[in-house]
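Report on one structure; see the data block that follows.
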Amino acid sequence: MKIDTILSKYEPKSENLIQILHDIQDHTEGNYLKEEDLEKVADYLKIPKSRVNGVVEFYSMFSKKPRGKYVIRLCKSPPCFVKGAFNMLDELKSQLEIDVNETTKDGLFTIETTSCLGVCDEAPVMSINNKIYGKLDSAKIKKIIENYRKGKSEI
Amino acid sequence: MNKMVKITIDGKTIDAEEGANLLQVARDNGFDIPGLCYYDKVSPTGACRLCLVKIKEQKGLIPSCTVKVSEGLNVTAFDEELEDVRRTIVELLISEHKLGCMTCDTASECALEDLAYRYNVTVDNLPFPVKTKYESIDDSSPVLAYDPNKCIVCGRCVKACYEIQGKGIIDFIGRGIETKIAPDLGVDWKNSACDGCGECIQACPVGALFEIPSVGKARKWEVEKIETICPYCGVGCRIEVEKKDNEIVRINGVDDGPANNGRLCVKGRFGYEYEMSNKRLRTPLIKENGKFREASWDEALTLTARKFSEIKKNYGGNSIAGLSSARCTNEENYIFQKFMRAVIGTNNVDHCARLCHASTVAGLARAFGSGAMTNSIRELEFADCILVTGSNTTETHPVIATYIKNAVLNHGAKLIVADPRKIDLVKYATLWLRQKNGTDVAWLNGIMNVILNENLHDKEFIKNRTEGFDEFRMVVENYTPERVEKITGVPKEKIIEAARIYGTAKNASIVFSMGITQHTTGTDNVLSTANLALLTGNVGKLYSGVNPLRGQNNVQGACDLGALPNVYSGYQKVTDPDIKKKFEEKWKVALDDKVGLSVVEMMNEAHKGNVKAMYIMGENPMVSDPNLNHVEEALKNLDFLVVQDIFLTETAQLADVVFPAYSSFEKSGTFTNTERRIQLLNPVLKAPEGAKEDWEIVQELALKMGYEMQYNNQSDIMEEIADVTPIYGGIHFYRLGKDGLQWPCKDENDPGTLFLHKGKFSRGLGHFSPVDYIPPAELPDKEYPYILSTGRILYHYHTGTMSRKVSVLNEYEPGPYAEISPELAAKLNLKDGEEVRITSRRGAIVTKARITARVAPDSVFIPFHFAEAAANRLTNDALDPIAKIPELKVAACKVEKM
Ligand code: SF4
Ligand code: SF4
Ligand code: SF4
Ligand code: FES
Ligand code: FES
């Protein structure tokens, strides 16, 4: 969808900023917010670019860099932390050979961290493009990633 | 003022204004409640929580900076619990703060340092872990640096940039302890739209934002601080200069400066390096065999006096002409015109106002009786509607632009911009009219046509306060929106909308500058703006009026003091026998009653050999005047040319004698800013040994020519000015203080005039002038198919004599360029930065192309500051018949890729 079409869905009021950003990010290949689009948003809402940037930088769900087709978000809030979230993070990093906030060369995966996803009894937990995977261990992570490589989101 | 209420703080009863800020009220009454994020010039943030207080019958601890005073508030400002909380906050701040006080340029004026001292907080007694990992400093901007490790995230800079400067370049990014500020979309400062005004630095309570050129120059306690007036533009910002050993360390805006309220632009804050330049003239120069040699004052003055006397004797006084200066003080302008009139015996005296606002003076004098801004600068913030036309205010009068932005962003005013270029203010505008260059009378008549048709005119005002309405109406009736669209290219709907916005506003203000005046129809354009204000009764009251913005720091004053060929000081006509008699008696000499030559006419007469000698004080016509090739020939054709200046300018290089003068940082005297405010300068620095003040040079020359002149200082001169100039009648140095006085100020007891024409116009009735549209003198044709206009930019000033000797300003804008539209660039197969040759009927220059949609597709814009590719080699010196102002805003040109 073109940026202008997206913008035209909203009234030019600064309250709509977050929604607009979501909408644009969801419709951008690479799942991110391009600089020129952010400029257009600022123009459209008649607010400073720096304010748009402040919001983008505040919420971890927004990214200014292109991300993989699948964005993996590992929860690192206390319940998941206690259940070994950081080992799972190392697991992800070594299996995908990238660091947090990086994207695999094939453009498939990005690793990010997040705060509580609200399913703590399943800890440790991660999400991939909004689908939740709980009770992780290294074998399970391996399986999930293999399946995604084949284009399947089921385990 | 709001009603007064009673509140109690720590048991003491206090009278305060309802709605006032509680923290401010407490502090004003001696309760020194700490607080780092509160900044009285912006809305309260409530972020640092140091100003917490207890309020009876309200729960918890409340940041007092967010509380509005109301009847009966009972406040506890100090008790043990509050002080403990405050101490903890300071400890937390110190634990996260890079303690670089030993090398910090803010040390001793740092609010955090003060609080650490007050609460006895040191690194070794902190209950928190001390941050030791540091982030890098962003020092990419030419003028300022940001150290996130010293940032206490108070947000004052963020609000200063948005709420005061109206720009919003910076905001917070990140969360929690990682929060910091960043410009635009998180780019390096250098790549952001930050224009270096430094408002954020001035707002920062600690050393997180600081001036790069000041680093390491002096500790705060070593500097001496002296207030004076900015040497650059006509806004007349009050500055505080910090100096050490006769060198400027830093410049700040003065918070209660009447025009600027603490604000400055990049030139005022950072443009001082020229002052310390080693290129300053230090001794008189005499040209012999085409080369300058140093000379003593006596020799140079004697030679000049002898030459002037000879030429006067052989060819008469009218064979000599003088250019006074908008850069010199009022007193010096007065003395200069007196010298030309009384000593030389001619009215051939003018200055570069001819090139910018002669049509304003002529037009507004005819319509209202006074050719100056009707209102004061700060009234603009409170106008409901502002029509800006022919003024790229953001760049030419940066601080005035901030008030226009405040009006829009903070008070919801409607802004209409009429400009062929998409200037910065367009971003803030409700409506933008992109007229074709030189069609201003047409669109203004169009707007008035609609106002009349829709019955939006002010009948009462027209009946009681104006004359000439019927003739005016007949002309305007021909300018239907349809016809106007054809002439101007502005869609008729926009003309109608503009008429409705302006016509229905409670108070509307018109702001204009050289885009209106620099035309062969300049006077007509000005008359049209005056017509519009008269038609809607938007003049003669607070916030409403017609406001020409004058360019140079003292161009208003140079006009006021009679550096014009047709008037003595205070616009008293040389042709009026009574006035002439008054000055003859005062000056004890017979005076000429014929109007003298204007700038362009002087050059023409010099070219023809009728003007034999010229005396130029602080002006640089070799860059500033139209049709430069012609000017150069004219000056070379003179028998004798004398120039006095602070540098060896392009013009001084052609002189036979050069006198070294003082700069405005070095002298006393007064400047009159664009809102008619006469302000006192203070000498900040010692002048170079060997230089003299301009008025002294003129006086010594007068004495050598046998005319008695005995002033001891500039104050003496002002006494004479007050005596002979009704509008300056009440101006005396001892009355000026920090705020100055706004003319008309007729006597000792007159407090001056905030806005003009209240109740009655200076000329009696406001005068409507029927004005028809006349096309510009030169229109594009086959050979010269594009429209050329010239103008100014933020980072440089006039002919660049000062600003181009400032390295940070050069870093922003190093040299000449031409703005070229993407459409034209495509046609010429031109890439950004490539060289182009631009040719008009008068000359050609080679410059760099800057491709930008700011200019209309068929137009080219060139800033005129750069002598090496001087725009004025191309411009047209065709004149407005009334004001003799040249048409600098429209010429036809062609553009070729090199
Ligand atoms: S210098 Fe001026 S424009 Fe730049 S960030 Fe600071 S306040 Fe804003
Ligand atoms: S840079 Fe200064 S003014 Fe801005 S948030 Fe940091 S401490 Fe406050
Ligand atoms: S706006 Fe004008 S007077 Fe004010 S600081 Fe800038 S140049 Fe100086
Ligand atoms: S803490 Fe991880 S899902 Fe709640
Ligand atoms: S001064 Fe009130 S919260 Fe900072």
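Just so you know, the numbers here start at 1 and follow the chain as drawn.
Here the Cβ of each residue, glycine as well, is placed from N, Cα and C on the backbone.
Look at TrEMBL and you will find A:Cys75, A:Cys80, A:Cys116, A:Cys120 tagged as [2Fe-2S] cluster binding site.
Note: the [2Fe-2S] cluster site is recorded as A:Cys75, A:Cys80, A:Cys116, A:Cys120; in the same chain, A:Lys76, A:Ser77, A:Pro78, A:Pro79, A:Phe81, A:Ala85, A:Ser115, A:Leu117, A:Gly118, A:Val119, A:Ala123, A:Pro124, A:Val125 also have Cβ atoms within 8 Å of that site's Cβ centroid. Of all the binding-site residues given, namely A:Cys80, A:Cys116, A:Cys120, the one with the smallest number of surrounding CB atoms inside 10 A is A:Cys116.
For A:Cys75 ([2Fe-2S] cluster binding site), applying a Cβ distance below 8 Å and a minimum sequence separation of six or more within one chain yields A:Ala85, A:Thr113, A:Thr114, A:Ser115, A:Cys116, A:Leu117, A:Ala123, A:Pro124, A:Val125, A:Met126, A:Ser127.
A:Cys75 ([2Fe-2S] cluster binding site) carries a strand DSSP state (E or B). Reduced to three states, the DSSP call for A:Cys116 ([2Fe-2S] cluster binding site) is coil.
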